[in-house]
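> Under the heading S-adenosyl-L-methionine binding site, Swiss-Prot lists Trp10, Leu45, Glu66, Arg123.
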Amino acid sequence: MDTDFWLQRWQDGQTGFHQDEVMPLLQKHWPALQLPAHARVLVPLCGKTLDLHWLAAQGHRVLGVEISPLAVTQFFDDAGLQPQRHTSRAGEHCIAGPIEIICGDAFTLDASVLGDCTAVYDRAALVALPAALRQRYLETVYARLPAGCRGLLITLDYPQAEKAGPPFSVDAAEVHALFGTQWKVQELEHRDILDQEPRFRADGVTALSTGVYRLQRD
C-alpha cells in the first residue's frame, strides 16, 4: 500500500472519496448479515466515514483502521468526541464509546487485533488497492478474521483502461476469485450508477456500476 500517497491526499484535502452522508447501500443491505447487536465490526481504511457512527448506532462495537492521523483527528473532532488514546504494535488506538480507530497500517494487523471481529464492512478498502495488492490484502487482513465472520463488500466496476484509480475497478469475477476459496460470496445488488457519478463521466468513463456482496467465512 502506498502510504505516502494517502497521507498526501489527506494533507492536500483531496478527499473526494469521502461522503457527507451514511452510505445508503450500507443501510439497505447490512440487515442481510443478521448479526447480533454486540458484534465487533472491522472497517478497514475507514477514513472519517460517517458509516462508523451508523454501525455504532446499531449496537455494534466498531473497529476502524486508518493510516492518516489527520483523518482520524477529523473524525473525532467533527463528532465533538474526545477519544482516549493508547499505543500498541498496531498503532495508536483512539477510543470513544463503541468506536475505536487504530491509526496504523491495516496490513500489519494480526489475529490479536482481528480475532474477535465477527463482521467486516469494506466499502473503501478493496477498491482503494491496485490489483497487485489485493491478494496480499486478503491474505493479511481477511485471513486473520475468525471462522463464521460475515461481511458486506461494496465495489465499483468500470473499464479500468478508461480511468486511473483509485478507486479501482473490481468486477464480480475478481470478487469470486479473491474470496471464493475461504468465503461464501453472495451478490446482493449490481446496478448502473454512471449518471450519479459525474466525475467518472467527466474522466471519460463510459460504464460504471456498483456491486454489493454478502460474505461469510467458512
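Just so it is clear, glycine is given a Cβ too, placed from its N, Cα and C backbone atoms.
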> Could you tally the C-beta atoms, other than its own, that fall within 10 angstroms of the C-beta of Arg123 (S-adenosyl-L-methionine binding site)?
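Around the Cβ of Arg123 (S-adenosyl-L-methionine binding site), 26 other Cβ atoms lie within 10 Å.
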> For Leu45 (S-adenosyl-L-methionine binding site), just give me the three-state DSSP call.
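SS state of Leu45 (S-adenosyl-L-methionine binding site) = coil.
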> Taking the Cβ of Leu45 (S-adenosyl-L-methionine binding site) as centre, how many other Cβ atoms lie within 10 Å?
25
